[in-house]
Amino acid sequence: MFADLDYDIEEDKLGIPTVPGKVTLQKDAQNLIGISIGGGAQYCPCLYIVQVFDNTPAALDGTVAAGDEITGVNGRSIKGKTKVEVAKMIQEVKGEVTIHYNKLQADPKQGMSLDIVLKKVKHRLVENMSSGTADALGLSRAILCNDGLVKRLEELERTAELYKGMTEHTKNLLRAFYELSQTHRAFGDVFSVIGVREPQPAASEAFVKFADAHRSIEKFGIRLLKTIKPMLTDLNTYLNKAIPDTRLTIKKYLDVKFEYLSYCLKVKEMDDEEYSCIALGEPLYRVSTGNYEYRLILRCRQEARARFSQMRKDVLEKMELLDQKHVQDIVFQLQRLVSTMSKYYNDCYAVLRDADVFPIEVDLAHTTLAYGLNQEEFTDGEEEEEEEDTAAGEPSRDTRGAAGPLDKGGSWCDS
């Protein structure tokens, strides 16, 4: 092992500069400052911060970050000590503790290697894949446990389908009401023409009144269309603007999420590599030279986690607002639809109740003369019977003699 050599191995900083400093942290009620430590004797020449936990003194102060090297505690050097010994040194101090460190001036772009990019692609593929399928394909991955946002995304998709169905149904309903209103208008026009041409005043007035009722129903239908049409606009706004905007935010969130999970997977792989070398008793070059590559990935993971947490917070807030708008909007739209249709049917009922003109008495003989002036004159049944009796009792003129003499009674004689 490198620790058994008589000379020191120079640290391989990968061109990453460090800046020394110190920070005083006030411990919490559990006598902790909120950091985890890695490295140290006997395999690594330096100790460094692996993770800064949320809502702890170190996280709230924001001075130290993952990957920073710890050089001393309260003015005491920790060179050559193990991480367990350094943790005890920090725990022994009550109240405030001063941490001396070398700040790692890392560029996150330097940690975005081809390996991280490929891991992002793999996580994107595995996202919609079951665990059994991923395990069968041998795809290692990092997942978020108890991710409640997944259920929210499923609810968003169901809400989008609901609004899509309501939009289509409302369109069909408006189209049907428009055709119905045009039918009522046609009825009104027909009965109006009949009323104008009806010679009897009572029947004419009844037909005109019935025609006006249908025209009023047509106006009620147009008013219903004008009232419900904004509902369709609001539904389309929610469906085509609000939901796509949320999906775009979710798409950005997923990109940040996959990047964070990729760094988590990379850290896990590097930890496994280090543990394997320790188990075999073989020194690992990057560990023996300061483990700067690992510390760079730790810093990138911390920054990716910060972006992920912020983006997740934004997505949850946007989805919460979207849910509130959905609950309020759907109630308002349905109330508008129900109240408008109720008013439409009540108005139609009132108009038709006042237009109860049936039965209508119509003089068909007079009406026939009025409508058929160019036709043959109408004769009733009694006149037809008299003509039939005459034809049966008296011969026709054609059957009589052309110049037959008259008998004593003045009738024609057969020739």
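Glycine too: its Cβ is placed from the backbone N, Cα and C atoms.
Quick look at what Swiss-Prot lists:
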BINDING   Cys44, Cys46  Zn(2+) binding site
COMPBIAS  377-391  compositional bias 'Acidic residues'
DOMAIN    22-105  domain 'PDZ'
DOMAIN    144-357  domain 'AH'
LIPID     Cys413  S-palmitoyl cysteine
MOD_RES   Thr82  phosphothreonine
REGION    376-415  region 'Disordered'
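The domain 'PDZ' (22-105): residue composition by secondary structure is 15 helix, 34 strand, 35 coil, according to DSSP. Looking just at the domain 'PDZ' (22-105), the mean pLDDT is 90.
Non-local neighbourhood of Cys44 (Zn(2+) binding site): Gly38, Val287, Ser288, Gly290, Asn291, each in the same chain, at least six residues away, with C-beta under 8 Å from its C-beta.
Taking each Cβ in turn and tallying the other Cβ atoms within 10 Å, the top scorer among the recorded positions Cys46, Thr82 is Cys46. In this structure the alpha carbons, written CA, of Thr82 (phosphothreonine) and Cys46 (Zn(2+) binding site) are 9 Å apart.
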